[in-house]
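Chemist: The [4Fe-4S] cluster binding site feature in Swiss-Prot is assigned to Cys12, Cys94, Cys188; the stated evidence is sequence analysis. Residues annotated as isopentenyl diphosphate binding site in Swiss-Prot: His40, His72, His122, Ser216, Asn218, Ser260. Per Swiss-Prot, the feature (2E)-4-hydroxy-3-methylbut-2-enyl diphosphate binding site maps to His40, His72, His122, Thr160, Ser216, Asn218, Ser260. The dimethylallyl diphosphate binding site annotation in Swiss-Prot covers His40, His72, His122, Ser216, Asn218, Ser260. The active site, proton donor feature in Swiss-Prot is assigned to Glu124.
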Amino acid sequence: MKVILAKRAGFCFGVKRATQMAFEAAGKDQKTFTLGPIIHSPQVVNKLEEMGVGVVKDLSGVSNGTVIIRSHGVLASEMDEAHQKQLEVVDATCPFVKKAQEHVQYLSEAGYDVLVVGDADHPEVQGIVSYGKEKVYVVASGDQVKQLPKMGKMGVVAQTTQSFDNLKSVVTECLRRGGEVRVYNTICDATAVRQQEATELAQQVDCMIVIGGFNSANTRRLAEICTEIQPRTYHIETAAEIDCSWFQGVDTVGVTAGASTPKWIIDEVMNRLDQVNNSH
């Protein structure tokens, strides 16, 4: 049984940077927390907790120590609160997310009605929106733009993991309304590259394994894309979930992983697949 690992499986730049910053902070003596999970990987979160870095949902019960800002970013008000409490802040917000926050702040201050293309329930989007003063709308698609009230000049940014096609559909709808439309392409291509690679790999194999947190939106999307092409697709978080029966009649297995999946988990899965291979 041949096993093919996608070249870009695993950590993207922003996640790698955030986890490095978190593990470095964990080595210090003072009390340290992450505001929300540092990334959408329960295994990384657990590892940090073992090192004494807990997760807090908000800062209401925190009066001192170090707070690590997660890769998705946090609300502007939460960042202000951390500074007001004179906590040591380790800002591990992905630089691409930071740029989106800054663009919303600028557009809002410059009098634009702001559209954020993305998932309103995602913490990254909630953080980006919070940097606007008022008249900031979250839209998931071009169709939703049609339902918005009449606007003046419009500014558009996107959740970093959105597809370019979706951003384009929103911008097209904004242009139809007339008036000034200012667009910042804040999409990071790490998601698109992983999705394209997974699409190509799923076409070549008899079975796909997608590794990553069940709470990771980008990993779930990878699993959906692979399933559409190869129905024998399995989304797992760890090697322990692998079932030998999945590989009956299988000659080739493709493996990919979400942008928040650490290398050690990918390595464990590859080792487990070697064991399965050797037992046949």
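Including glycine, each Cβ sits where the backbone N, Cα and C put it.
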Chemist: Out of His40, His72, Cys188, Ser260, point to the one nearest Thr160 ((2E)-4-hydroxy-3-methylbut-2-enyl diphosphate binding site) in space (Cα versus Cα); all of them are binding-site residues in the record.
Modeler: Cys188
Chemist: Between the binding-site residues Cys12, His40, His72, Cys94, Ser216, which lies closest to the residue listed as 'active site, proton donor', Cα to Cα?
Modeler: His72
Chemist: Tell me, in order along the sequence, which binding-site residues from His40, Ser216, Ser260 have their CA within 10 Å of Cys94 ([4Fe-4S] cluster binding site).
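Modeler: So the list reads none.
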Chemist: Where does Asn218 (isopentenyl diphosphate binding site) sit by DSSP, helix, strand or coil?
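Modeler: The residue in question, Asn218 (isopentenyl diphosphate binding site), is helix (DSSP, three-state).
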Chemist: Could you check what DSSP calls the residue listed as 'active site, proton donor' once collapsed to helix, strand or coil?
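Modeler: Looking at the DSSP assignment, the residue listed as 'active site, proton donor' belongs to a helix.
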Chemist: Would you list, in sequence order, the residues of this chain other than Cys12, Cys94, Cys188 that have their CB within 8 A of the centroid of the site's CB atoms, where the site is the one recorded for [4Fe-4S] cluster?
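Modeler: Going along the sequence, the neighbours appear as Phe13, Gly14, Val15, Ser71, Phe96, Val97, Thr160, Thr161, Ala190, Thr191, Ala259.
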Chemist: Which chain-mates of Cys188 ([4Fe-4S] cluster binding site) that are at least 6 residues away have a CB under 8 A from its CB, listed by sequence?
Modeler: Cys12, Phe13, Gly14, Cys94, Phe96, Thr160, Thr161
Chemist: Using the Cβ centroid of His40, His72, His122, Thr160, Ser216, Asn218, Ser260 as the reference point for the (2E)-4-hydroxy-3-methylbut-2-enyl diphosphate site, which residues of the same chain not in that list have Cβ within 8 Å?
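Modeler: Here the non-site neighbours turn out to be Ile39, Ser71, Glu124, Thr161, Ala217, Gly258, Ala259.
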